[in-house]
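Notes for the one structure printed next.
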Amino acid sequence: MAEITPNSLKKNTKFFKRNKSFERSLNIYGWIFVSIAVILLAIFLFYPIVNSLILSTMSSKGIVQKFVGLNNYKKLFHDEVFLTGLKNTFIFFIIQVPIMLLLALILAAILNDKTIKFRGVFRTGIFLPAVTSLVAYTILFKMMFSLDGFINKGLLSMHIIKNPIPWLMDPFWARVTVMIAMTWRWTGYNMVFYLSGLQNVPDELYEAADIDGASKMQQFFHITIPMLKPIIVFTSVMSTIGTLQLFDEPMNFSQGGVTGATIGPGNSLLTMSVYIYNLCFKYMPNFGYAAAVSYVIVFLVAILSIIQFKVAGDKK
Amino acid sequence: MKKRMLSILLVMVLAVSLLAGCGKKETSSNQEQQQQPQAPAEKTGKITIWAWDPNFNIAIMNEAKERYQKENPKVEFEIVEMAKADVEQKLHTMLQSGVKDGLPDIVLIEDYNAQKYLQSYPGAFADLTGKIDHSKFANYKVSLMTLDGKVYGVPFDSGVSGFFYRTDYLAQAGYKPEDLNNITWDKFIEIGKKVKAKTGKAMLGFGLDDGGLMRIMLQSAGQWYFDKDGNVTVANNEALKEAVATYKKIVDAGIIKKTSGWNEWVAAFNKGDTASVVTGVWIVGSVKAEASQSGKWAVAPTPKLNVSGSVNASNLGGSSWYVLENGKSKDIAIDFLNKIYAGDNDFYQKILVDRGAVGTYMPAQGGEAYSKEDAFFGNQKVYTDFSGWIGNIPAVNYGLYTYEADAAIMAVMPDVYSGKLTVDAALKKAEDQLKNQIGK
Amino acid sequence: MKVKRVVGRIFVYLFLIIAFVVSVFPFYWMITGMTNTAVDVIKGKMTFGSHLIDNFKVLFTTYNIKRIFFNSIKISVLTTVGTLIISSMAAYGFEVYSSKAREKTYAAIMLSMMVPFAALMIPLFKLIVKFHLINTHAGLILTSLASVFIIFFFRQSFKSFPKDIIQAARVDGAGEFKIFTSIVMPSMKSTYAAAAIYAFMTSWNSYLWPLIVLQTDKQKTMTLLISSMSSAYFPEYGVIMAAIVLATLPMIIIFFTLQNYFVQGMTGSIKQ
C-alpha cells in the first residue's frame, strides 16, 4: 500500500527534477491533455457564466430590463419565499445526503465481496431506480404514498400505525416522503461509483486482512473507507451539488396538473432551484433575479465543497 | 507517438466540424424552402405550431390542418407537441434571448398567462385586431387577450366550469337533480354532509394546496386577486374572504377525500370514491374514461359564493392561440386561424364530438353537436348547458401575477385549516408577501 | 464463531433482498402498467392486463418512434464516446502533470459545475443560435462533450492509480500519450465503464437543453416524447408506460454489459 501514496510520487519525481527541459515538456503535455476540454468549457460554460453574472445585476419583466446593481442580492434577504426555499434545501441536504451515501457505501462493500452469490443481479436491480423514468417514478410514488395507498395500508395492517400517515399532505411528512424517494432513486447510483472505485483497491489488502483475522466490519473501516476516500469526496461533492440544486422531486411530487399552486403543503417542498424555475417560467419572468438566486447556490455549494475537501484531507 | 495523438486530434476536429456542418445544412435547407418564390394566388409556406396535450390540442390542430389544406394544399404544417410546461419554458427562453430563428408561427398559451406574455415581450405577438372578428367569441375570453385596446389572440377552448355529480349517490342521499340547480357553496356543503352520512362517500376529491377551486369561486363573483388596474386586492376582497372561509368549511365538514396531485384527484372519482367534481368542462374526457360509470353522472351549474354579484357560472383554465410577430409564416398563420378557428362552424361540431372540446366561438354553439343528448350523462344535453353557462361567466382581469398570488394564498392555507390564523390575518399575510414579491 | 458468520450472512442476504425488491418494484409496476389502460393505471392496478398490444399499437402509429429512438441513441452514443476521451484526457492532464496554472484552471472548472443550468440557458442558447446549431443534434453533442462531472470523477479515480508505473514507463522510454493510451486507459477499465454508464445516462435523460435546442418532431428524443405525452387533460398512461419501458431498455442493457468490469478489477499490468 505504501508505494501508491503521493509521497512516493514526490520521491520519484525528484529523479526528474534536475532535468529542466523535461519538466517544461511535461508541462506542455499537461496543457495538451487538458486543452480540448478547456476550450470547450471556455466556450460553452465560462462564457455563459460571465453573461449570467452580468444578468444577475438586472431586474427584468421579460425583455423589459433595468440595471439594479447588487439590489437583487439585497432583495434576497427579505424575500420570504427565497428564505423558505433556503431552509427547505438545507433540511434535505443535512438529513438525506449522509443517509444515502452511507447506505450506498455499505451496499457497495457487500457487493464487492466475491463470496456473495447473484452479485450481478443484485447490482443491476439496485441500480435500476437511477434509470427509471422520472415520469413513472413520480406517478408511482405519489400513488404509493397517498392517504389510502399501498404504504399506509401496509403499515396499518401490520399495526405499526393507528391512523394513516398524511404523507404528501402535511409539511413534515411531505419532506419525509421526498427524502425517501430521493434515497430510493440515488442510492444505487452512488453505489456504482463506489463499486468502480473498489476495483482499484488491490484484493491482496483484503486477503491480508483476512489472514490477520480482521472482521468484515474492521475491514470496512480500515481498508474500504480510506482507500475510497477520493471517490467518497467525489460523491459527497456531487450529492451536495445535486441536493442544493434539487428540483425534480419537489417539482413533480407537488405538481397538480393545471391547478398546482404551492410546492408541497405550505411550500414545504419549495427548494431554491424550484424557485429559480418559477421565477423564470411560471411567474413573471425575471431572469436577472433568478440568476442572483443561482449565484447564491454557487456560493453555498462552493463553501460546502471546500469543507468536504478539507475534512477528507484531500490535497487542494 | 506524437503523430498518433495528432491524428486523433485531427479526426476529432474533423468530426466536430462535420457535426457542425450537418447542423448548418439542415437550417439552410429549411431557409431555402421558405424562400421559394410565392405564386400570387395560391398560398405556400410552412406553419409551425407549438402546443401541448396529444389527445386534445394537438389532435384538434391536426383536424384544423386537414381542413385548411383542402383549400390550400401547398401550405405545410409542423405541429410540435410538447408538455405545457415545456412550451412555456421554450417560449420564454427564445423570446428572452431575442433571437428570431426557430420561433413558431402559432403558439398555445394558457389564459392565466396571456397578459404576462403580452406585457413581458412587447412586439413579440402579432396584433390581430381587425384581422379576426373577435365579436364572435365569448366576451370573457377576448378581454383577457386585449392590451391597450388591441386584441392579440384567437380564443380557443373554454374552461367553463360545472358541478359534475353522481346521480346514484345523490339519489341515495335523497336529492333530485333539480335540488342541485343554482345552489350556493353553503348548500353544497350541507348536501355533502348528507351524502357522506347516507352513502359513506366523500362529496369531493380535494387537494389541500390546490387553488383551482378558489379561482372558480372568485371568478363566479367577478373578482380576482387583482382589480381592473392590476392592483393587489387580497386582504380586502370580500369574495376572496368568503372563498377562503368556504375552503375551511369544506375541510372542516369532513366531506372530502384528501388527494394530492392530479392523478389521485382523478382516481378519486374514477374509482367511485367521491360523489362530485366541480371543475372545468375539459374534465369530461377523464370522467368518461371510466366507462362502467356511464349513465350515473349529471352536470349542474357551478355553486356560487354567498356574496353579492356571485353567479352560478365560472371558469377554470382554458387557453388560446397566439401568432408570433417574427414567425416566418405570420400572414398564412393568421389566415389559417381566421378560416378555421374563427369561421368553420362544422369544425367546432367535429372537435366537440371527437374530443369533447368546447370552443368559445359562439356561432358554433347553435350547432347540432352541442344539442346532442349524452348517454353517459343520463341523456342530459350537457353541452347545451355548458354553452349557456359560457355566456354568464363574469369577465375578470387575470393580470400578470395569477400564479404568484395563487401560491401566496395557498401557502397560508395550512394555518387557516389549523385555525392558527383567522381568514383576515391569513389574507393580510398573503397580501404582504405577494406585494413584496412583485414589488408593489 | 461459525454460527455468528452464518447469522451474519443471513442478515447480509436479507438486506440485499430487501434493497433489491424495493428497487425493482417500480420497474415491475411500469411493466404491468404498459399492459393496462390509463384508467387502470390511475386506479393503481398492479397486475398484468390485456392492453399490451393496443398500447404499443397506439405508440407506434401516433408517434414516429423509430426515428425518435434512433435520435436518442445517436446523440447518446456520440456524446458518451466523445466525453470519455476528452474528459479522461483532461483529468489525466490535471492529475498527473500538476502545475499551479492548471490547478487554478481546474478550480475554476469545479466552481463552474456548481452554477445551476437554468442560469446559463439563455446565454448558451444565444451562442447556439450564433453558431447555427439550433435544431441540430450537434448543438446538443458539442455542448456536452466536456463534462465537468466526468472530469472530476476521472481525476478522483486517477488519484488511486500508482504513479510509480508512469515513472517506470518513462524510464523505459515510453512517450506520454503511449503511457496514457496503453497503460493507464486499459488498467482503469472499471472507471471507464462507470463513466460510460453515467455519460450515457446523463445524455439519454437530458431534457431541458434538448427541449430548448431541438425544434421539430423529426429531431426529438425519447425523453422529450415522454414528457410531452404526460402533459394532457387526460394522459394515456398505458401508452406512456410502454414508451417509458422502451426508453429504459438501452440503459439497462448498457449497465448490464458494462457492470462486468466492476468485478474484473485492475488488470495484470498493475497488480504484478
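Our numbering is plain: 1 for the first residue shown, then up by one each step along the chain.
Any Cβ shown, glycine's included, is placed from N, Cα and C.
Bear in mind that TrEMBL entries carry predicted annotations, made automatically and left uncurated.
What TrEMBL records for C:69-258 is domain 'ABC transmembrane type-1'.
Here TrEMBL flags C:12-31 (among others) as transmembrane segment. Beyond the transmembrane segment (C:12-31), the same-chain residues lying 6 or more positions past its ends with a Cβ under 8 Å from any Cβ of the stretch are 46, 241, 244-245, 248.
Summarising the annotation, TrEMBL assigns transmembrane segment to C:68-94 (among others). Among residues of the same chain six or more beyond the transmembrane segment (C:68-94), those with a C-beta under 8 A of the stretch's C-beta atoms are 102-103, 105-106, 137, 140-141, 144-147, 150-155, 157-158, 180, 184-185, 192, 195-196, 199-200, 203-204, 210, 219-223, 225, 246-247, 250.
The transmembrane segment annotation in TrEMBL covers C:106-128 (among others). Using a Cβ-Cβ cut-off under 8 Å and counting only residues 6 or more beyond its ends in the same chain, the transmembrane segment (C:106-128) has close neighbours at 94, 134, 139, 143, 148-149, 151-152, 155, 208-209, 212-213.
Taken from TrEMBL, the feature transmembrane segment covers C:134-154 (among others).
If you look up TrEMBL, you'll see C:192-212 (among others) marked as transmembrane segment.
Among the features that TrEMBL reports, transmembrane segment is placed at C:237-263 (among others). Taking Cβ pairs closer than 8 Å, the transmembrane segment (C:237-263) reaches residues 27, 30-31, 33-38, 40-42, 49, 51-52, 54-56, 58-59, 62-63, 65, 69, 72-73, 76, 189-190, 192-194, 196-197, 200-201, 204, 222-223, 225-226, 229-230 in its own chain, all 6 or more past its ends.
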Which bits of the chain, at least 6 residues beyond where the transmembrane segment (C:134-154) starts or stops, bring a Cβ under 8 A of a Cβ in it? 71, 74-75, 78-79, 82-84, 86-88, 90-92, 94, 109-110, 112-113, 124, 128, 191, 194-195, 198-199, 202-203, 206, 209-210, 213-216, 219
